[in-house]
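Okay, so here's the structure we're looking at.
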Amino acid sequence: LQGIFVLGLPYALLHSGYSGLFLIILAAALCCYTGKILIACLYEEDEDGQLVRVRDTYEDIANACCKKLSPRLGGIVVNVTQVLELIMTCILYLVVSGNLLSHSFPYVPITEKTWSVIAFVTLLPCVFIKTLKIVSKLSQLCSLVHFIIILAVMTYCLTQVHQWSWAKFRLSTEFEDFLVSVGVIIFSYTSQIFLPTLEGNMENPGEFRCMMNWTHFFACVLKTTFALTAFLTWGEETKEVITDNLPSFLQTLVNLCLLTKALLSYPLPFFAATEIVYACVSRGNHSNYRSPLFALGVRGSFLLLTLLMAMFIPHFALLMGLTGSVTGAAMTFLLPSLFHLKLKWQKLSFLEKCADISVFILGFLCSLAGMVCSIKGLLEVFG
């Protein structure tokens, strides 16, 4: 919940004003709620009225909802959406890596796209990652670097407190800019893909709801504090990646830390996406699809795909807004509420049904509007 995409939140506040602060809080509450109802879909009551975990994954939930239409239709839809979100996340890491390198070494006559290629070369060993054991060690280092980055940016912002002015906040905002900000904020909270696995591995799954409440509360506080202090420091000068606003003596150091974090973050979504695809393809009886060479080919193809996409769409905030509006909204709002209504309709109270329907409608509208506006923004950038 506290990933590198937090760096786009001050830019979101620039375009959404006071409503952006409300959105950060609302998104935390809604994402916490949909995470809980998604996990509720993993359970059914037995003959004694006790809840029993009868499903293990997001895919199992989707298949259970769509079994009358097709036994595997729901799982296919969910897997495609998950892969899209994970691959888009990988693309964002490459985009931000190129951005960070170009700003760290402005005197080197190399374009941002070329820097992305250089960052990509360091990620080539990812094709040889076969287990989560290596990924987990990289993620530990990633978390440490993240705290260093946030501490450095926040410390600098606090030294500029004498320049803060609430007048920098907008009371009104452009509707299209506001919708792009919605996508950015939603994407910074998305974690539903990992929740079934997380809950299944908890020592005490009964504490899942409490865990969701506390983690989303602290994530909301941290995101709001970081976005607010950064925006109050730079106001209208706030850039897509907030570290671009730092003075040169600090920017290079923080950007190199960010680059390290982006490269260390890349393996997790990349591994998850390739594992989903490989599992789907090799599910049949074709031995060729289960060979190590085929798995290597899948990982290599995905690695190359992320580079090509990063080269064609090198705009961090717009791409994050598009991803949040499409896959983020679907996995976070649309599908959990839809699945919960489908599987638990008979046992839900009237208020619970209204809540699920409201979340679905809100998620659909945000997804549609945000997608249109993000695409329009990208088209304008490309002239």
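Glycine is no exception: its Cβ is also placed from the backbone N, Cα and C atoms.
The domain 'Amino acid transporter transmembrane' feature in TrEMBL is assigned to 2-375.
Sequence annotations record features per position, and here TrEMBL assigns transmembrane segment to 20-43 (among others). For the transmembrane segment (20-43), same-chain residues at least 6 beyond its ends with a Cβ under 8 Å from one of its own Cβ atoms are 9, 12-13, 51-56, 58, 60-61, 64, 181-182, 185-186, 188-192, 195-196, 199, 208-209, 212-213, 216-217, 219-220, 223-224, 227-228, 332-333, 336-337, 339-340, 343-344, 355-356, 359, 362.
Sequence annotations record features per position, and here TrEMBL assigns transmembrane segment to 76-95 (among others).
Look at TrEMBL and you will find 115-132 (among others) tagged as transmembrane segment. Below 8 angstroms of C-beta separation, residues 94-95, 97-99, 101-102, 259, 262-263, 266-267, 270-271, 295-296, 299-300, 303, 306-307, 310-311, 314 of the same chain, each at least six residues beyond the ends of the transmembrane segment (115-132), sit close to that stretch.
Look at TrEMBL and you will find 144-166 (among others) tagged as transmembrane segment. Here the transmembrane segment (144-166) has long-range neighbours at 2-4, 6, 222, 225-226, 229-230, 232-233, 235, 242-243, 246-247, 250, 253-254, 257-258, 260-261, 264, meaning same-chain residues at least 6 beyond its ends whose C-beta is under 8 angstroms from one of its own.
Positions annotated as transmembrane segment by TrEMBL: 178-198 (among others).
Below 8 angstroms of C-beta separation, residues 1-2, 6, 9-10, 12-14, 20-21, 24-25, 28-29, 31-32, 35-36, 150, 153-154, 156-158, 160, 163-166, 168-169, 188-189, 202, 242, 245 of the same chain, each at least six residues beyond the ends of the transmembrane segment (210-233), sit close to that stretch. Annotation comment: TrEMBL describes 210-233 (among others) as transmembrane segment.
The list of residues near the transmembrane segment (253-281) in space but at least 6 beyond its ends in sequence, with Cβ under 8 angstroms from a Cβ of it, reads 3-4, 7, 79, 82-83, 86-87, 89-90, 93-94, 96-97, 100-101, 103-104, 119, 122-123, 126, 129, 132, 134-135, 138-139, 141-142, 145-146, 148-149, 152-153, 193, 243, 246, 289, 294-295, 298-299, 302-303, 306. The annotation transmembrane segment is assigned in TrEMBL to 253-281 (among others).
Among residues of the same chain six or more beyond the transmembrane segment (293-313), those with a C-beta under 8 A of the stretch's C-beta atoms are 87, 90-91, 94-95, 98, 113, 116-117, 120, 123-124, 126-130, 270, 273-274, 277-278, 281-282, 319, 378. What TrEMBL records for 293-313 (among others) is transmembrane segment.
As annotated by TrEMBL, transmembrane segment applies to 319-339 (among others).
Feature annotation from TrEMBL assigns transmembrane segment to 359-379 (among others).
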